[in-house]
C-alpha cells in the first residue's frame, strides 16, 4: 500500500504517508479513500505550486510524482481522513502543538484532501499559474468542507512549505511569506523530521526556534574542575589509594587522604562555634554551609583547620588562628603545619583512637569518619594520617590564597581515604620538606612496624572495628591483645578447616567443612541450620549463591 | 503411648543417673589419688562439679564423634575421628596417637597370627583376647 518512491528521497510527506498507511487497516471505512486520495494529492500539489514561484516546475515534477504516489498511498488513508477521526485528532494536536515541535505531521495529511481536489482541475489548466489554483481549490473545499475550511490555508501553506523544503533540500525552513495569518498557525505546524536546527528562518523571526545560547567555554574553570574532581574522588572509603596523586604543577594538590576525619570534624565544630567576628569570618563560614567550592581552597582550610584542631586541643587556640593563615598567607600556615605535625606525631599511635573519639564530640560526621576509618585504614594506626596531614598541609599554604570556600562534605569524603603505610618516622621527615610533598605517592618506609605486618594487615581492620564498637577509649595494649587473639582464632579456624577437609579425604575445603566447624562452634544446631543463619545474616547476593533456589525454566542455582 | 514414653523417659533418666553416679564414683577415686599425691584435700562440691563437667563433656564428645564420622561419610566411629577430636590438646593428641599406633600394630600382628591359626582353626580363642586388649588400651 505504501508504494512510495523507495529509491527516491524520503520526503516528509512520503514518510507521513507511510505512517498513515500503516494506520489504515484500523479504519473501517476504506472505500471512500479513492476519491479523497486523489483530491488530497491535487490539493497538495496545488498548494505547493501556488506558493513557490520559482520552483514551480520542480514542484510540478515533484508534485506529480508525489501526487501519483500520494494517490495510491492515500487511497486508503483518505478513508480515515474523511472520517475525521485520526485526522481531526492530528489536526487538533497540531493546532495545540508548541511552535517548536519536531514532528511533521498532518500538515501532510490535512492538506491532502484539499490539494487533491485541485489536481485534476489543474491538470486540465495550465499548471504554472497561481491564479488558476484558486478556482481549483474551491471545488476541493466543497468536497471536504469540514476539513478544508478551517485549515485550508494552513494546509496549503504547509504543503507549499514542504514542497519548498523538499525542492530545496531543506525541511520546512521557509514559511510562505505571503500568509501572515497562516504563518502563526503554520509555524506551529511547521514540524520537520529533520533536526530542529534548520527551521530558524530569518523570515519568521518570531517563530523560529532560538538556537541554544552557547557560552564560551571557560578553559580555566574547566581545568580547575578537572583538577578538583580528580583530586577529590568522592567516595574513597574503601579504596586503597595513595594519598598523593600526581601532580600537575599548577595544581596544588593537597591530597588529603587524611584519616583524621575526626580532627577535621572537631575543627569544623570549632570553626563553626568559635568564629570570631573577623573579616575572614564570613569567608570561613562558607565552610559550614559547605558550598561546593574549589577543592583546593577547601583543602587549605581543612588543613588549617586540622592544624588548628591540634593546636586548639593542645593550647586552646582560638578561632583567630583559623583566619590568619587564610589571610596572612603561607607562613602561618606552615608554622601551624609544623606544629600540627609535631602534635600528630605524638598522636600517631594507638592513642589516636581515643583522641579521635574525644575530639569530635557532637559532630555527626565523626562516627562516619571512624567507621570509614575502620574500613579504610588498612594498616596500622593513624601515623599514616599524620603523614598525610603534614604533606597536605605542606601544599595547603599555597592554597591559602585561594578563595576560602570549601565543601564540607568533600572534606569529610577525603578523610576516609585510606592511609598509606606510614610510619611515625615519616612524620618527622615531613616538616623538613613541606613543599616537596606534592610529589606523587612516595613509598613510605614502614619504620617501627611489627614484623608480621603482611599477615596482620588484615587484622588491623578488625581491631579497628573492635575499638569502634567498644565505644570506649582503648589502650594500645588492649588493642594488641585483641589483635593477637584474632590472629590465633583465625589460625585455629583455618587449621580446623584443613583438618576437616583431610578427614573427609579431600584436599579442598568445602561448605560441608564450614558447616561442621559451625556446628562445633555451636552456631549451627539441630534447631538452627546453616541455611537459617545464612538467611538471617547474609545479604541477598550471597544468600542466592549459597542456598539453592529454583529459577525460571526449572533451573536450580546453585546446582546441587 | 504416653505412658510408654514416660516410662521410657524415666528409664533413660534413671539410666543417666546411674551413669552419672558411676562417673562420680570414678572421679572421686581419681581425686583421692591426686589428693594423696599432692597432699591437698578435695571438697565434695569440687568432686561433684568435676563429675558433672565430665558427664557433659562426654556428651559433647559423642556428638562430635558422630559428626566427624558422618562428615567422613561413615557410619562407624573410627580412631581417626577420635584423633580429630583430641587434636586440641597436644599432649592428649600425642598420647592417643601413640596408643592408636600400638593398637594398629597389635592388630596387624594378630591378623598375621590369625592367618596362621586359621589354618590351625584356633581363631576363637584369639578374638576375646583381642577385644579385651583393645578395651583396656582404649
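For all residues, glycine too, the Cβ spot is worked out from N, Cα and C.
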Region 'Disordered' according to TrEMBL, located in which of A:180-217, A:218-255, A:256-293, A:294-331:
A:256-293
According to DSSP, how is the domain 'CENP-T/Histone H4 histone fold' (A:456-550) divided among helix, strand and coil residues?
69 helix, 2 strand, 24 coil
Between 0 and 100, where does the mean pLDDT of the domain 'Centromere kinetochore component CENP-T N-terminal' (A:1-414) sit?
51
